[in-house]
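Participant: A single structure is presented below for examination.
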Amino acid sequence: MNETGQTRDFYAQGELVAVLTAQPLDRFLDYKAPEGGVMQGAYVEVPLGPRKVLGVVWGTGEGKFDPAKIRKISNVLEVAPMREEMQVFLQKVADYTLTPMTAMLRLATRAPGLTNPPSMQRVVALGSGEPDRLTPAREKVLAVLEDQEGQHFMPGELAQMAGVTPSVIKGLVKQGVIVELETPRDVPYAKLDPSLPSKTLTPSQATAASQLQAHLQTSEYQTTLLKGVTGSGKTEVYLEAVAECLRQGRQALVLLPEIALTVEFLDRFETRFGRRPAEWHSGVTMTERRRCWRMVGQGDAQVVVGARSSLYLPFQNLGLIIVDEEHDTSYKQEDGVFYSARDMAVMRASICGASVVLASATPSLETWVNAKAGKYTRIDLEKRFGAAELPDMCAIDLREDALETGRWISSTLVEQVKSRLELGEQSLLFLNRRGYAPLTVCRACGEQVGCDHCDARMVEHRFHAHLMCHQCGETKPIPDKCPSCGVDGRMAAVGPGVERLAEEAADRFPDARISVLSSDMSLSARALKSRIAEIANGDADIIIGTQLVAKGHNFPLLTCVGVIDCDLGLQGGDLRAAERTFQLIRQVAGRAGRAEKKGVAYLQTHQPEHPVIKAIIAGEEDQFWQAEALSREQAGVPPYGRMAGIVITGPELSVVSNVAQQLVRTSNGLRQIGAEVYGPAPAPIARVRGKHRIRLLVKAPKGVMLQPALAAWRNAVRLPNNVRMNIDIDPQSFY
């Protein structure tokens, strides 16, 4: 459907069609249908200037230009046409997020080589031979092959992933360690078997699974909140919904917030259905991404497990979307196209008549409110699987149990960890801060080492022997001399990160086996899986980690959790600070006592009287959500109001500031719909990658048509060439 709303199923040779390309143009382009005609939704190559570019036939051409100058479609690609429901979905996401349709098409065609016709290709895979000698380069290649578990690679792709030269691959081929194969570029995925026996479900799990299956049998849109305490077996329940979807011959999508969760999930999935699903995330090879995209479009990939961008794959018959850990902030994309995968999953399902399952032990307030209002169905799993009980919660008041200088583990927590070590049980020390220390300060002059390109402090990563900016990724050597005053030997690390916590734990518990889990440890998927398996098998006594450990992992021997700094997330003015702190601490505490032995979580805090800490300790979850909802409603903020964040960026502060001031002066249209404009003000991180950042915030009542007013406001201001404006509808962060 183009802007005129005209569509047809087929266009004969020479008829005008509107083509949407992925190029940065603000309109559809007219072309003539090629010899043999073209289907509505067909993926095509079209001439644009001297190049040929990818596009989609969107509808009937407008015919506003000289017909003699209109060019013909060059090529119709041998892939399934885009379904009309997908076109509607992309248009709705574009309208909601104020994103150009060309950018939406780029999001929906993120697979390499789509314009290449189906053909054979030479690939390499792990063979049965043994190398005559195992060099470090060869070890890297074998690690990649084992990590990807049977996937095929283009030779150059394997060399790039392993970080070796092509000659290393050739040498392993000669020795039979790697075999060369001729295969079709894209082959269907193995059929999944929903009739295989599932795990024995508890009565409450079986009831929940039956409810989800009944929803699917209606073949109508419905969204369900599957709320279950940590360890209640939500995954087993929603896998039965996947089984019902497969029995109906429809496709399913399972969204996971972290690649780290994918490895463990795939094992459970294969046990249930006999085969692995298709995968779509940054850890998948380009060859596999192309195969996944094409097979999803043909209906030859029954289930996809992926990251948020898998929502834009060209499903032919989508019947179910699972959003696991639906509260997780990683479902919000905050560059390029700004969108919430959770919210867009609900939108996509409503268009194609699919069911959505939002699974979480600690749902977002938005989902909680929608379920309470009856917009979503709610299913609760209130008990852990088997005999496991929820952990007890205890606060450690750091005003009374004061920390020693340079120490971050209180004496109370030290004694609790020691007692677990004597019993042969595991402890988890949680600190949601990567690296060794958040600040490197000169004790002589007070200089804090900052990033040259951002208004951010450099974080010491002692394991990697460098300082890193967590905004742009820039690294520096750890300085011996102060870069400001030049004094030698006075640079000091200030504050704790997980690396420093691990150092302290090694000092306090010298005989303990310590394992660190953090997203910046540069572990491959296979290495992370191995590390988690080792911990689960009891090969570590103390686990030290960031929020990576809070998500879905099951450590049967873990009975003690220590949250090092409960107050960390409550600092600052983020409207979701209380919600996120509550969710994170509940999730972390939920790692304890998931088997026969009961667990305890100790929360180190300087403010045990804080409403969030009190609610966590008392287990007053419903009361917390009710109080949080009332507070948001009184303030008129989401989910009881609308918000949009606007960030203006550019290399010259004066130019960026002038644009922001001009926006404020032209905001009468927003005020006419009852919206308020706050700012302009420097963003909390006022410079990133050398670009200055100024932020405005728009707040509006719940029922207003905010996007059209924002679009008119944006279009009224002409931006200089080197200035960008990003509009984030429903912002999740305000940095």
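The count begins at 1 with the first shown residue.
The backbone N, Cα and C atoms fix where each Cβ goes, glycine too.
Here's the feature list from TrEMBL:
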type	residues	note
BINDING	C442, C445, C482, C485	Zn(2+) 1 binding site
BINDING	C451, C454, C469, C472	Zn(2+) 2 binding site
DOMAIN	215-381	domain 'Helicase ATP-binding'
Participant: What are the non-local neighbours of C472 (Zn(2+) 2 binding site), defined as same-chain residues 6+ apart in sequence with CB under 8 A from its CB?
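Facilitator: Correct list: C451, H453, C454, V688, R689.
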Participant: Just the number: how many Å between the Cα atoms of C442 (Zn(2+) 1 binding site) and C469 (Zn(2+) 2 binding site)?
Facilitator: 18
Participant: Within the chain of C482 (Zn(2+) 1 binding site), which residues six or more apart in sequence place their C-beta under 8 angstroms from its C-beta?
Facilitator: C442, A444, C445, E447, R490, M491
Participant: Sorry to bug you, but what's the C-alpha spacing from C469 (Zn(2+) 2 binding site) to C485 (Zn(2+) 1 binding site), rounded to the closest Å?
Facilitator: 22
Participant: Taking C442, C445, C451, C454 as the binding-site residues to compare, which has the smallest set of other Cβ atoms within 10 Å?
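Facilitator: Checked C442, C445, C451, C454; of these binding-site residues, fewest Cβ neighbours within 10 Å: C445.
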Participant: Take the Cβ of C485 (Zn(2+) 1 binding site) and count every other Cβ within 10 Å, whichever protein chain it belongs to.
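Facilitator: Around C485 (Zn(2+) 1 binding site), other Cβ atoms within 10 Å: 12.
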Participant: So, three-state DSSP: helix, strand or coil for C485 (Zn(2+) 1 binding site)?
Facilitator: coil
Participant: For the recorded Zn(2+) 2 site, whose residues are C451, C454, C469, C472, find every other residue on that chain with a C-beta no more than 8 angstroms from the centre of their C-beta atoms, and list them by sequence position.
Facilitator: G450, D452, H453, A456, M458, H470, Q471, G473, E474, V688, R689
Participant: Is it possible to get the count of other C-beta atoms within 10 angstroms of the C-beta of C469 (Zn(2+) 2 binding site)?
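Facilitator: There are 20 of them.
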Participant: Within the same chain, and leaving aside C442, C445, C482, C485, name every residue whose CB is within 8 angstroms of the centroid of the CB atoms belonging to the recorded Zn(2+) 1 site, in sequence order.
Facilitator: R443, A444, G446, E447, P483, S484, G486, V487, R490
Participant: Which whole number is the mean pLDDT over the domain 'Helicase ATP-binding' (215-381)?
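Facilitator: That region's mean pLDDT is 94.
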